[in-house]
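This report concerns only the one structure given below.
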Amino acid sequence: MKSIVFVALFGLALLAVVCSASEDAHKELLKEVVRAVVVDKTDAVQAEERECRWYLGGCSQDGDCCKHLQCHSNYEWCIWDGTFSK
């Protein structure tokens, strides 16, 4: 009887240690994912600030849009300006 209780308590202690280690690994993985998402968003914002806006991209003035596009005054997105050239 004593040995069964001892084995059960030992099993519970071992399970607690394994779960704790698993939870720590899960937290570290979650931190890495959040860091990756934040870095990707930061890089995307910087890229948008450096580059022109493509067709239907948000804008506030014509200079925000790429070549042959203009900023639509009502909807504030880049639309084709009607010109053709190379």
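Including glycine, each Cβ sits where the backbone N, Cα and C put it.
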Disulphide bridge to Cys65 as given by Swiss-Prot, partner from Cys19, Cys78: Cys78
Of the candidates Cys66, Cys71, the one sharing a disulfide with Cys52 in Swiss-Prot: Cys66
Cβ contacts of Cys71 (disulfide bond) (under 8 Å, same chain, 6 or more positions away): Cys59, Ser60, Gln61, Asp62, Asp64, Cys65, Trp77, Cys78, Ile79
Cβ contacts of Cys52 (disulfide bond) (under 8 Å, same chain, 6 or more positions away): Asp64, Cys65, Cys66, Lys67, Leu69
